[in-house]
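Reading through the structure tokens given below for one structure.
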Amino acid sequence: MSADRINLLRTKVFDKSKWMQLPRDVVIGHDVIEQIPAVCEDLALGDSVLIVSGGQTRDIAGKKVEALLAGSYDVATFAANDGDPLETIRKAEAAAAEAGFVIGVGGGRVIDTAKIASYNTDRHFISVPTAASHDGIASSRASVPTAEGNVSLAAEPPIAVVADTAVIASAPHRLLASGCADIIANYTAILDWELSHRLRGEPLSEYALTLSRMTAEILFKNADLIKPHSEESAWLVTKALVSSGVAMSIAGSSRPGSGGEHKFSHALEKLAPGKGLHGEKCGIGAIITMYLHGGDWEGIRDSLKKIGAPTTPAGIGVDDETAVAALLAARTIRPERFTILDMGLTEESARDLVKMLYRE
Ligand SMILES: [Zn+2]
């Protein structure tokens, strides 16, 4: 597939170098939240910690982490509330600067706030997700909503991930289904990456690509096992999200897990703010981009149905015309990230696709 390009590259002087930042401790399973003191001790990150949590997630797990560490560490807390996200990040940075390391205990917004604040203050970051809703729990990028739409910011990749399946299984099923959809969308992200490699010579990491595809395959094959409030399901999905994050760390970008379906999701975020979760939108987008790649789009749709994720724009309260507009606007999002949606999709054909592929 990419052998020709590899052979071409061999004629050049070898001058590659690369950093891959991977988590050191990944602890997943029943009641592993109890092992946080052992993880902190193992990593020897200092004697003061900032615990970032949310309103509800602090009650669910944040307070427990605070209590577990209180005897051995100087513990400070920060609430990532619903206010202006950039303002919240600035305040979190000021708090992180006073601490030796940072732990984020919560959902997407909390984890993103904690990892950006850690990155900007050069602190290590431990990720303690309370839901398995997207692959940011183990990656080095964070997405922040602003008035101009979502922006992707550099963030500290977690030095450890502590994912308690009892906590994650008790979160609303919609979050887990959304995390699954984000992973199943790896299939189309990879096809877009390969397309860009063939068409534009974009560098490809076979390791990252293979890991990302394998992660999608595991969830695709086990879609029947993904059930609400089951720890087995939380286990499967959390491992997949961590593996997907590792694939991104190996690639040094979000490319293995983010292609046209993600650009569609970001375009929808702008055109219909607040409608649908990140992974839900990516899953819906992947149905169309898989069709455009000539792949098994019905398989994608059926597996999303099985796990309980929406498969149509109507399923997240978006009308067909807005979905058409998002498909066309996708090419204006991160234009340097070339995908199948940048290949000349016309308005008429976008309309036909939405009508044809998004039937219940
Ligand atoms: Zn995603």
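Using the three backbone atoms N, Cα and C, a Cβ is placed for every residue, glycine included.
What TrEMBL annotates here:
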type	residues	note
BINDING	G108, R109, V110, I111, D112, T130, A131, A132, S133, S139	NAD(+) binding site
BINDING	D135, D182, H266	substrate binding site
BINDING	D135, D182, H262, H278	glycerol binding site
BINDING	D182, H262, H278	Zn(2+) binding site
In the chain carrying V110 (NAD(+) binding site), residues 6 or more apart in sequence that have Cβ under 8 angstroms from it: V52, S53, G54, T57, A80, G104
Inter-residue C-alpha distance, D112 (NAD(+) binding site) and H262 (glycerol binding site) (nearest angstrom): 17
Length of the line joining the Cα atoms of A131 (NAD(+) binding site) and H266 (substrate binding site), in Å: 21
Output field, Zn(2+) shell: CB within 8 Å of site CB centroid, site D182, H262, H278 dropped: H134, D135, A181, A185, G257, S258, E261, S265, G279, K281, C282
Recorded substrate site residues D135, D182, H266, farthest C-alpha pair in Å: 15
Neighbours of H266 (substrate binding site) among the binding-site residues G108, S133, H278 (Cα to Cα, within 10 Å): H278
Local Cβ density at H262 (glycerol binding site) - other Cβ atoms counted within 10 Å: 29
Rounded Cα separation (Å) that holds between H262 (glycerol binding site) and G108 (NAD(+) binding site): 16
G108 (NAD(+) binding site) to D135 (substrate binding site) - Cα separation in whole Å: 9
